[in-house]
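Here's the structure, in C-alpha cells; my notes come after.
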Amino acid sequence: MAPKPPKGHFNVLYFASAASFTSMESQPLPAPLPLRKLFDALDEKHPGMKDNILNSSLVTVNLTYVDVPEKDDDPNQVIIEEGDEVAIIPPVSSG
Amino acid sequence: MDPQATEIQDEGCYVGLTHDHLNAQDIMNRVRSPQAGAIVLFAGTTRDNFGGKPVKELQYSAYNPLALRTMMSICKDMRAKHGLKSIAMVHRLGPVPIAEESILIAVSSPHRQAAWRAGEEALEECKSRVEVWKREEFGGEEGGVWRANRDGIQGDKVPESAPSIPQDSGEGPFGPVIRPRRPGERGHGAVVHPKPGQ
C-alpha cells in the first residue's frame, strides 16, 4: 500500500514496467492537476517515460478508467484532486 | 495469514488474489452444487521457456483492489451469460516457480456445454483485462522482462527503456494503413534506432 499523500498532493501508483522505469511503486504529486497535464508532469520527473511507458498505458483515478483528453482546453476534462489515487496501468499480462 | 491476500464474494461468484499455492480441490468445492451436472476447472501453469528462451521463474504483481473488481465483473458477466450456478477465479501473486499453477478458474452449470464455454471465455477475458502483470525471470545477469497479453494471444516483451513505438493513427502520411504497422516502420522499411548513449 502506498503511504497517504501529503496535504495538497495526490498519489500516482506505478505497476510493472512503470514501476521498473521509475524505480518507484508510488509518488506524490501536487494537486489539483488537470488530467491532460499528468503525462507531461510525469515525463518531467522521469525523462522518457511518456514515450516508453505512458503512451501505451491506461490511467485510472480512484479505481475508474479515465480518458486522457486530446486538447489542453477541454472544459470537461478530469481534474485530479488532493488525496486522489491515480494509477498508471501498462498492458496487462495475467494468466 | 498472508497480509496481502484478498478476496470478494457475491452471488455465486468468488474472486481472490493470494501469495499462497493454489489448490484445485478448494476452488472446485467453492462452485460445487447439487444443481450442477458439470464443473469445468482451468489451471494455468507457468512454462519454462518463452519462445525457446529458458525462464527460471515468473513473478506476478497486481493492482489488488482494481484487479479484484475487474475479476468480479468478469465473473458476474459469465454467470449471467452462460447461466452458471457458480464461478470462481483465483490468481497467484509473487514468485511462481515453473510448472506451478498461477491461475485457477472453476465454473459449474447444470450441463457441460455452458461450463466449457464459460470457462474458456472467463480465462480470455481475464487475460485481456485483469490488472495483473507477469515478469519472466531469466536468471543470472539477464534479469527479466514484463510481458503483455496483447490481443489475448501471446504476450509481447515490454522494454524497460527502448525506442518508442509510434501509435497507429489509422491513416499515416503514406496513405491508408492496410495492415498493422510494425514497430519503427515508417513506410520505408525498418528504422534502426541507435542504442542510448552511442
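Note: Cβ is positioned from N, Cα and C throughout, glycine not excepted.
The following features are taken from TrEMBL:
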type	residues	note
BINDING	B:HIS111, B:ARG112, B:LYS127, B:LYS134, B:ARG135, B:GLU136	substrate binding site
REGION	B:147-198	region 'Disordered'
COMPBIAS	B:148-159	compositional bias 'Basic and acidic residues'
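Chain A comes within the C-beta cut-off of under 8 angstroms for none of the binding-site residues B:HIS111, B:ARG112, B:GLU136. In the three-state DSSP scheme, B:GLU136 (substrate binding site) falls into the strand class. Same-chain residues at least 6 positions away in sequence with a Cβ under 8 Å from that of B:HIS111 (substrate binding site) are, in sequence order, B:GLY37, B:ALA38. Maximum C-alpha to C-alpha distance over the listed substrate-binding residues B:HIS111, B:ARG112, B:LYS127, B:LYS134, B:ARG135, B:GLU136 is 38 Å. Counting other C-beta atoms within 10 Å of each candidate's C-beta, the binding-site residues B:LYS134, B:ARG135 are led by B:LYS134.
Neighbour counts of Cβ atoms within 10 Å were compared across the binding-site residues B:ARG112, B:LYS127; the minimum falls on B:ARG112. In the three-state DSSP scheme, B:ARG112 (substrate binding site) is classed as helix. There are 23 other CB atoms within 10 A of the CB of B:GLU136 (substrate binding site), with all protein chains counted.
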